[in-house]
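**Q** The compositional bias 'Polar residues' annotation in TrEMBL covers 32-42. According to TrEMBL, the region 'Disordered' annotation covers 29-52. The repeat 'PPR' annotation in TrEMBL covers 231-265, 266-300, 301-338, 339-373, 374-408, 409-443, 444-478, 479-513, 514-548, 549-583.
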Amino acid sequence: MASSPSPWMSMIGASLRSKSSCHRRFRLPNDASASRTHSSSGVFPDNDAEDGDRLRETAAKICDTIRRQPRWEGFILSVFPPSTSNILHPTCINLVLCSLSSSNPPLALRYLTWLCSSGSSISVDPEAASSLLNILAQARAWRSALHAIRSFKFSADPSVLSSFVLHLCRDRRLIGREKCLLHDLCDVLEIHSQLSLPAWNSALSASLAADRMDLFQRLYAFMIGSGVAPDATTAGFLIRALCREDKPEEAYQVLRHVSKEKIVPNVFSINRLISAFSESGNFGRVSQILHLMIATGCPPDLVTYQTILHGLCSGGVAGMVDEGLRIFSDLKLKGYKPDVVTYTTMIDGLSKVGRISAALSLWSEMVAKGMRPNEYTYNAVINGYCKSGNLDKARKLYDEMLSKGHKESTVSCNTLIAGLCSNGRTTEAINLFHKMPKKGVERDLITYNTVIQALCKVGKTPEATEFYSRMIAEGINPTVSTYTPLIMALCHDGRVEDATELIGLMETQGLQHPVCMNDFIIFGFCKVGRMEDAMEWLMKMMRSNLKPKNETLNQLVKSFSALGRVDDALKLVNHMYDSGYRLRRPVCFLLLCKLCRGEITTRSAVRLLDNNIFF
């Protein structure tokens with residue numbers, strides 16, 4: 001069944017169809033209407049010159065009062081009565097606003113606020129509005145400017161408003177500090193949407209940089225609704241936004257759509273899409289994107305291929321690493337010059353699948369070309385040595401890394417700790433763990449998880465729980481990978497209450513425990529003979545449509561049989577067969593022995609088992 005079209009696709013399609021007429025409503029800087037000069041002497045016709053002089057004189061006096069008197073709002077209407085002074089005349093207001101804007105923008109904004117509070121219906125003309133907006137922008141008083149636009153009947157020239165948006169969105173540091181600034185801008189652009197395309201793109205870029213996908217969607221909708229057609233830059237931002245929302249398929253459809261309209265996003269945005277598909281292992285899509293890039297005259301760059309190589313090599317799957325090596329060789333034949341990052345990616349992939357000789361060959365090739373291995377290159381090969389059990393060479397290379405001026409880091413220590421743990425040298429790993437703070441190296445989640453998992457594996461559950469407590473004390477939040485080995489070890493030791501308590505902690509932290517943890521808990525209850533609790537947990541699994549492992553049900557049958565509860569064991573066996581499970585031979589033998597009760601010899605039970613009569 002075909003899926004419904006994406007709202008993004010509907011908007012971008014409609015906007016591209018109206019591309020030819022999308023800018024007709026805008027007054028750009030080179031338009032006559034926008035470049036027309038305004039001067040106070042040209043505001044009035046000749047026959048109203050006398051009234052004009054009187055208004056200018058009043059405006060000058062009002063400005064002087066506002067500048068000199070700190071609390072002018074409380075008495076200015078008594079000094080300039082509206083009935084005789086024209087203080088609220090639109091021309092007088094604009095003259096005052098222009099004068100104050102040029103000398104003291106905050107005072108101009110204060111004047112506007114007072115006008116609104118006075119109950120007057122204020123309409124600021126484009127000249128005064130543009131003047132105030134320009135000056136507030138120069139002072140980087142973004143919040144005051146946005147307040148002015150939102151609060152008053154503000155009709156700044158579109159070119160001035162576009163310039164304002166461009167400058168605001170380039171102030172990324174301030175946007176990062178003041179989280180509401182982009183939201184306020186979005187509210188303004190919902191009303192004042194006649195911006196230039198570069199201004200819209202700048203706003204979209206700022207929302208991407210701030211990781212505000214909600215605002216990105218709103219801004220994009222406002223832009224399309226205002227009749228502005230997207231260009232290659234817009235399409236690139238849209239692709240990146242969809243990838244950020246984990247919607248690479250929609251992003252790919254956008255790329256195909258705009259490519260048909262001869263709009264080609266930049267390589268950076270397309271690389272982000274390739275990265276999304278590479279991370280998910282969808283290399284069929286990656287191949288299609290590469291062909292599309294070449295067909296549209298946007299050839300892949302080195303980063304494109306680095307992204308693909310990373311996707312192929314990061315999983316440690318031999319076949320994918322082989323494909324990565326083929327692409328790497330083709331790159332060199334096509335004239336690309338792989339850098340340290342590219343070599344390191346390939347060396348890492350080869351090391352993960354145990355092809356240390358091939359990794360070292362690339363290492364030598366890289367050095368011969370004048371490139372120095374970095375910390376990540378060293379760690380990749382050290383990891384490979386550890387995986388192959390060659391810890392002596394791993395240690396030797398680690399020492400070489402330090403002698404070359406590379407400092408020990410969390411990554412390098414984690415690599416060595418993992419290698420020591422996987423080769424049964426847990427004590428050495430823990431010694432290195434304790435030395436890390438003394439060396440100025442921080443321990444992270446991976447450090448703790450590695451040690452906890454290793455301790456649980458060798459049956460040192462109390463020590464593992466101590467490391468868990470230390471981890472919490474250091475402010476490191478545990479993950480599912482932290483809890484899983486702990487809960488498994490606690491259940492194995494019969495400490496089921498402690499295990500269920502940890503599951504409760506997981507849930508309060510918003511972590512979803514994996515299905516296997518239910519199997520651990522049932523095993524733990526069986527170990528301590530709490531069969532009712534074990535069955536209750538099993539029923540809870542079934543009510544949640546979770547499927548227990550075959551070993552879990554066998555353990556239940558074994559425990560019931562060992563306790564002499566043969567009827568309960570048989571009921572469970574019937575359920576197992578109905579659900580497609582099978583008994584293990586030792587469990588079946590134990591149950592048969594209990595059924596025999598001495599009336600049938602053990603040899604007869606074995607015969608029954610061998611003849612599959614019980615099955």
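Including glycine, each Cβ sits where the backbone N, Cα and C put it.
These figures come from a predicted structure and were not determined experimentally.
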**Q** Just to be sure I understand, if DSSP states are collapsed into helix, strand and coil, how many residues of the repeat 'PPR' (231-265) fall in each?
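**A** Its residues divide into 26 helix, 0 strand, 9 coil.
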**Q** Mind checking which residues of the chain, 6+ beyond the ends of the repeat 'PPR' (231-265), have their Cβ under 8 Å from one of its Cβ atoms?
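**A** Long-range Cβ neighbours of the repeat 'PPR' (231-265): 6, 8-9, 12-13, 16, 197, 200-201, 204-205, 208, 211, 213, 216-217, 220, 223, 272-273, 275-277, 280, 282, 285, 288-289, 292, 295-298.
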**Q** So, by DSSP, how many helix, strand and coil residues make up the repeat 'PPR' (514-548)?
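**A** Summed by class, the stretch gives 25 helix, 0 strand, 10 coil.
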